[in-house]
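Trainee: I grabbed these lines from Swiss-Prot:
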{"type": "BINDING", "residues": "220, 222, 254", "note": "divalent metal cation binding site"}
{"type": "BINDING", "residues": "220-222, 246-247, 268-270, 273-277, 344-347, 351, 354", "note": "4-CDP-2-C-methyl-D-erythritol 2-phosphate binding site"}
{"type": "REGION", "residues": "1-213", "note": "region '2-C-methyl-D-erythritol 4-phosphate cytidylyltransferase'"}
{"type": "REGION", "residues": "214-379", "note": "region '2-C-methyl-D-erythritol 2,4-cyclodiphosphate synthase'"}
{"type": "SITE", "residues": "16", "note": "site 'Transition state stabilizer'"}
{"type": "SITE", "residues": "25", "note": "site 'Transition state stabilizer'"}
{"type": "SITE", "residues": "142", "note": "site 'Positions MEP for the nucleophilic attack'"}
{"type": "SITE", "residues": "193", "note": "site 'Positions MEP for the nucleophilic attack'"}
{"type": "SITE", "residues": "246", "note": "site 'Transition state stabilizer'"}
{"type": "SITE", "residues": "345", "note": "site 'Transition state stabilizer'"}
């Protein structure tokens, strides 16, 4: 059995990166492969690891697990909390920790780091600086200044003890603070960290995102009961009935959510918002749609088109179609031109024809965000 496990940090919210883009950096695609998966697969082949663990944000755990055979662990609010969650599952005495942001890890760096196993509580790659360095008015010797990189190899027990001392940005600083020995080995200029949108140029030479489209469909029905009106596509419709439902019963948005999740391969509305959860009792479905579209964008998709067909014998919906398109555009933050809402009857056939309820069919088309088209990449 190997003495080392691998942990890939992929749970971050990419707050600095997303100041210019909607996507989280770990979901940038190389072809159809997200960056976190590219990093995990590459690193996993560089040594004989006993375990490979990937940290993920809570809403992405199941989605990431679907794409790999490695163990995916829910991360925390900070990098350190995420790593501590992962360490709880590590069974080996040593762990190699790497960040998705450093996506181009040379094999020789991994060999240098792991090759010094046992010589210190932490082994980390580092590079020197070529610029003159000043700190609080004092000029420092460049030979004494090092930029610490990842991946870093740490003794698990020592690292867990070190984390009790406070919050740290990496393993080496935690172990050094606790009095442990940190050994620095030669790093690489290729280990530059992707943090801001202007650093997309670091991806030059890598495969651009897959340019095809992803289609999804959704279908939902709700029965009527006595009430004071319906809500469809976020628009209030006067009627002597309302929907029997756990939420507000917006059958149009529910079908649309299923279509979005289907196109992304991310489950269905029942998995995301179960009707057994009291938190969704009477909830405004536009809030659910906002959550889903934020997720869809965060994992790297853009909405190209959404097409809804509402089947209702009554009430008459044609006067409200434009308002529905506008409202869906507002909620999803897209142009109304990308949304089509159609209304039809069933010629008095079936439960819809008997005016017992409404059915909605929705289709969407998504595509991957193309980072090669971003202004920051083409500077």
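Numbers run from 1 along the shown chain.
Including glycine, each Cβ sits where the backbone N, Cα and C put it.
Looking at the shown structure, can you explain where the listed features end up?
Mentor: Taking Cβ-Cβ distances under 8 Å and a sequence gap of 6 or more within the same chain, the neighbours of residue 222 (divalent metal cation binding site) are 243, 244, 245, 249, 251, 254, 357, 358. Classification of residue 222 (divalent metal cation binding site) by DSSP places it within a strand.
Within the same chain, residues at least six positions away from residue 346 (4-CDP-2-C-methyl-D-erythritol 2-phosphate binding site) with a Cβ under 8 Å of its Cβ are 311, 313, 352, 353.
Averaged across the region '2-C-methyl-D-erythritol 2,4-cyclodiphosphate synthase' (214-379), pLDDT in this predicted model comes to 94.
All protein chains shown were included, and the count of other CB atoms within 10 Å of the CB of residue 16 (site 'Transition state stabilizer') stands at 13.
Here the Cβ of residue 25 (site 'Transition state stabilizer') has 28 other Cβ atoms within 10 Å, regardless of which shown protein chain they belong to.
Taking the Cβ of residue 142 (site 'Positions MEP for the nucleophilic attack') as centre and 10 Å as the limit, one finds 13 other Cβ atoms among all the protein chains shown.
Around residue 193 (site 'Positions MEP for the nucleophilic attack'), the C-beta neighbours below 8 angstroms that are at least 6 residues distant in the chain are 99, 101, 102, 149, 199. In three-state terms derived from DSSP, residue 193 (site 'Positions MEP for the nucleophilic attack') belongs to neither a helical nor a strand segment and is classed as coil.
DSSP assigns residue 246 (4-CDP-2-C-methyl-D-erythritol 2-phosphate binding site) to coil in the three-state reduction, placing it in neither a helix nor a strand. Counting every protein chain shown, the Cβ of residue 246 (4-CDP-2-C-methyl-D-erythritol 2-phosphate binding site) has 15 other Cβ atoms within 10 Å.
All protein chains included, residue 345 (site 'Transition state stabilizer') registers 15 other Cβ atoms within 10 Å of its own Cβ. Secondary structure at residue 345 (site 'Transition state stabilizer'), taken from DSSP and collapsed to helix, strand or coil, is coil.
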Trainee: Which secondary structure state does DSSP assign to residue 142 (site 'Positions MEP for the nucleophilic attack'), in the simple three-class scheme?
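Mentor: Once the DSSP labels are grouped into three classes, residue 142 (site 'Positions MEP for the nucleophilic attack') ends up as helix.
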Trainee: I need the neighbours of the divalent metal cation site defined by 220, 222, 254. Which other residues of that chain put their C-beta within 8 angstroms of the C-beta centroid, in sequence order?
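Mentor: Going along the sequence, the neighbours appear as 221, 243, 245, 249, 250, 251, 252, 253, 255, 358, 360.
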Trainee: Out of 220, 277, give me whichever of these binding-site residues has the highest number of other Cβ atoms within 10 Å.
Mentor: 220
Trainee: Express the distance between the Cα positions of residue 220 (divalent metal cation binding site) and residue 269 (4-CDP-2-C-methyl-D-erythritol 2-phosphate binding site) as a whole number of Å.
Mentor: 10
Trainee: Out of 16, 142, 345, which of these recorded sites is nearest residue 269 (4-CDP-2-C-methyl-D-erythritol 2-phosphate binding site) by C-alpha distance?
Mentor: 345
